[in-house]
Amino acid sequence: MVLIRVLANLLILQLSYAQKSSELVIGGDECNINEHPFLVLVYYDDYQCGGTLINEEWVLTAAHCNGENMEIYLGMHSKKVPNKDRRRRVPKEKFFCDSSKNYTKWNKDIMLIRLNRPVRKSAHIAPLSLPSSPPSVGSVCRIMGWGTISPTKVTLPDVPRCANINLLDYEVCRAVYPELPATSRTLCAGILEGGKDSCGGDSGGPLICNGQFQGIVSWGGDPCAQPHEPGLYTNVFDHLDWIKGIIAGNTDVTCPL
């Protein structure tokens, strides 16, 4: 069974805030308040996702995070404790590969959002650069988000959690998930022993490998963080021409096949 890593949250938000868990994304630690100025929190239709600010006006997330009444929060660390840098935006435009529904668990799970107003850089808001080179198998990668910190029950943290995982050969994921095609625009990442993973509510957030923004949280095993069940991440590098074309105003640009 696989899990799209988005999470219905509003009905459980109050309970989650009240809980104090020593469980560590899953298997990680509380992110340092200064290490994620590019990380955004996306709410829509009673669900939550993550996302990545790539310049003052654009956010990159997963296509399956699309929905109505979307709100995007930037400069956030604690959900409960506001800071002077926190900003709220809504989408001005959304862009997808072909259409908002033309994606699969292994292809085109990517959405580019133009904010209704640009944000200014500050101590807690700053974009993350797009990758300058392709990802390399064996890289140590950082995941982060406000998703559930328990693989078996929904427990949302007040602050984002961070963990290090490894970029694995795509064939590792093909062996686990037989529905995957021979090739795709998807990265395979995780810890084969289990215990560390992105999970529900982390969808759309970044996979940062050797300091470069290489992936977007997409889907994985259910429950999360199980041995030999790594996660799948949309390959950002493979979509660079599409991303840059859209930002430059070329709406005719197409995603890679």
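Cβ from N, Cα, C; glycine included.
Here the structure is a predicted model, which means the values were calculated and not measured.
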C255: disulphide-bonded cysteine as recorded in Swiss-Prot, out of C97, C141, C162: C97
C173: disulphide-bonded cysteine as recorded in Swiss-Prot, out of C162, C188: C188
C199: disulphide-bonded cysteine as recorded in Swiss-Prot, out of C209, C224: C224
C65, C209 - which one Swiss-Prot pairs with C141 by disulfide: C209
According to Swiss-Prot, the disulfide-paired cysteine of C65 among C31, C49: C49
Assigned conformation of C141 (disulfide bond) - DSSP reduced to three states: strand
Rounded to the nearest Å - Cα separation of C173 (disulfide bond) and H64 (active site, charge relay system): 20
Tertiary neighbours of C97 (disulfide bond) (same chain, Cβ under 8 Å, six or more apart): A63, Y103, K108, I110, H239, W242, T254, C255
From C49, H64, C141, C209: recorded positions whose CA lies within 10 A of S203 (active site, charge relay system): C49, H64
